[in-house]
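Asker: What follows is a single structure, and I will ask about it in a moment.
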Amino acid sequence: MTEHETGSAAPAAADPAPAGARQWLREHSELGVAVVLLALGGLVVVDALSMSTSFAQRGPVGPRVVPLAVGGLLIAIAVALTVDVLRGGKGEAEGGEDVDLTIPPEWRTVLLLAASFIANIALIDLVGFPISGAILFWGSAYALGSRHWVRDPVIAVVLSVSAYLLFQKLLGVPLPGGPLEGI
Amino acid sequence: MDTLSNLIEGFATALTPTHLLLAALGVLLGTAIGVLPGIGPAMAVALLLPLTYSMEPTGAFIMFAGIYYGGMFGGSTTSILLNTPGETAAVVTAIEGHPMARKGRGSQALAAAAIGHFVGGIIGTTLLVLLAPMVAKMAVNIGAPDFFAIMLLAFIAVTSVLGSSRIRGFASLAIGLAIGLVGLDPMTGQARLTFGSLHLADGIDVVVVAVGLFAVGEALWVAAHLRRTTGKPIPVGRAWLSRADLSRSWRPWLRGPVIGFPFGAVPAGGAEIPTFLSYVTEKRLSKHRAEFGHGAIEGVAGPESTASASAAGTLTAMLTLGLPTTATAAVMLAAFQQYGIQPGPLLFQRESQLVWALIASLFVGTVLLLVLNLPMAPLWSKLLRIPRAYLYAGILFFASVGAYAVSGDVLDLVLLLVIGLLGFMMRRFGLPVLPAIIGVILGPNAEQQLRRALQISDGNLSGLVNTTFSVTVYAIIAVILLWPLIGKAITRTRTRTPESVR
């Protein structure tokens, strides 16, 4: 399940009727959105309240007012959304050209994509963009079901190296070069 | 005649070889990326932003204008040949365009779309030239309370007019506003939501937010539901029109901008509503009404011209008021801010040369679009066959390049992933993305106007409503907010039956 669903699914295990409760939570997984909104709202409010406003206030409205309003809005919407979901309201999942909503979501694909993404984050400053970018592309293509053992890595490396050269040399936007540094 | 001389000067800037090349490059890239399934114009502009980091602003915006117009056109190609519109503006085109393609009239549908874009673009841009300086001149005199009212209107309109659920629209907006809060308070320098991070003190870069929500969120969402059997695009030849087609198309082409331009300029979701209105109008006015639903060319010509003119209307609001009415305009506004340029009434005075070069390049781009796309339609349709694995891997790849290039900090990539997951959640649970991006971009601006207005009135709340303009805007906001109630009241008095539960 998604990360926001696991959060609300955890207490289900302690429930006396786990199967029924799990079913109920699955149908009301949108409550996870309300949890996210509530958490975000709480964070904004706490941050605003912990701000010291004694110094440098210019004008009648200090730096805390708008964050408090936004935090309050988030919390209010979290409540309203909870009510809406419990009354049977449902957000419509977004369709699209390549989206097939009739099949159940494939979390494996999403996790593998996130893993490729995180690999790029972890490696980019260590081994440079040409290598980490190629890993990102190949990993993502693999996650999405491409299994060409020669074509995939070749495309990944060519794309990564040419993107590096394009940005570094032609456009003057610096990227960490790794082994290509200084060429 | 001031306008005319400005425009001529603009053409002088836009027609230099470098700028002409950038416009052509923008149109080609925009069309190519717009044709690619799954990528709409907003994502196209967001992904291509990093290409312009090292360019001077005029060249960069000339290229963006090309990308915007090209991306809008590219979406219609997908609609016609694959029956899968990549963006809301092209949804209506699919209704008649795809049946035409199936009947072997794909070339004619593409030509009607391309010429429709040309006509709509030229008329729309002409209206922009005539109206924008006037609007800007009027808007110069409006003050902080008026700006705050306009931005509030944008927030309310974007959450209420579009989408099926207001709560979810507001949820999206609030998320965007919260993201916009991150960083140092511009008026006092107080750190807000930075958690001690120096990088966050600069705020979360709008490019990271836009790319995260549009590109990463979309790629993850599509990946979770990837269609295993992708539709086969219908092959087409060179786009052309017969005399009979022409005589059926020219009126819809000319009617389109009348509907499209005003709708593009107001924050009601860009091209979605006007293209639908245009379709309905053409259906009603057509002599071939029976053909509608089975490939009537009027149903392609009208909406495409409307969509193109609405893009010009959108740019009018964005340039003169700093008000983004569509996702693409929001991303372009972010691009302006990247250069330290704030679109708004003063833009026409401060950056006169840049604005007029941009406007002139819209004309240039529209012409280039027609010249390039009529003969290149078969080539574009080949792009529809790209393996989906490479397409979405490529989106993630370029999203990462773009986010990293913003400031060369890995933290931006982490933020990109977090915002991408947020975008995934929003798509899964029907939260529209547009209010969030509008919140991120306009939020900080609205706060500043609010505080400035209250500073002037010394904290008195009446300082927010002390102009006729702001009172009018608040009245409009009230009508939008109360509209469901008003609508209910009307139907109730009309039918005198108890309202049914939805």
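The backbone N, Cα and C atoms fix where each Cβ goes, glycine too.
In case it's useful when we look at the structure, here is the feature table from TrEMBL:
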TRANSMEM  B:20-49  transmembrane segment
DOMAIN    B:20-438  domain 'DUF112'
TRANSMEM  B:109-136  transmembrane segment
TRANSMEM  B:142-162  transmembrane segment
TRANSMEM  B:167-184  transmembrane segment
TRANSMEM  B:204-224  transmembrane segment
TRANSMEM  B:315-336  transmembrane segment
TRANSMEM  B:356-377  transmembrane segment
TRANSMEM  B:389-407  transmembrane segment
TRANSMEM  B:413-442  transmembrane segment
TRANSMEM  B:463-486  transmembrane segment
Asker: Most CB pairs under 8 Å with the transmembrane segment (B:204-224): which of B:167-184, B:315-336, B:389-407, B:413-442, B:463-486?
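Answerer: The stretch with the most close Cβ contacts to the transmembrane segment (B:204-224) is B:413-442.
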Asker: Contact between the transmembrane segment (B:315-336) and the transmembrane segment (B:142-162) is defined here as three or more C-beta pairs under 8 Å separated by at least 6 residues; is that satisfied?
Answerer: yes
Asker: Taking only the residues in the domain 'DUF112' (B:20-438), give me the average pLDDT of this model.
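Answerer: Residues in the domain 'DUF112' (B:20-438) carry a mean pLDDT of 85 in this prediction.
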Asker: Six or more residues beyond either end and a Cβ under 8 Å away: which residues meet both conditions relative to the transmembrane segment (B:167-184)?
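Answerer: Distant Cβ neighbours of the transmembrane segment (B:167-184) are 155, 158-160, 190-194, 200-204, 209, 419, 422, 426, 429-444.
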Asker: Given a Cβ distance threshold of under 8 angstroms, which distant residues of the chain, six or more beyond its ends, lie next to the transmembrane segment (B:389-407)?
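Answerer: The answer is 36-39, 43, 46-47, 49-50, 53, 199, 202, 205, 207-208, 211-212, 215-216, 218-219, 222-223, 226, 413, 415-416, 420.
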Asker: With the transmembrane segment (B:413-442) as the reference, find which of B:20-49, B:109-136, B:315-336, B:356-377 contributes the most Cβ pairs under 8 Å.
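Answerer: Per the Cβ count, the answer is B:315-336.
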Asker: Does the transmembrane segment (B:109-136) make contact with the transmembrane segment (B:315-336) through 3 or more Cβ pairs under 8 Å, each pair 6 or more apart in sequence?
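Answerer: Stretch pair touches.
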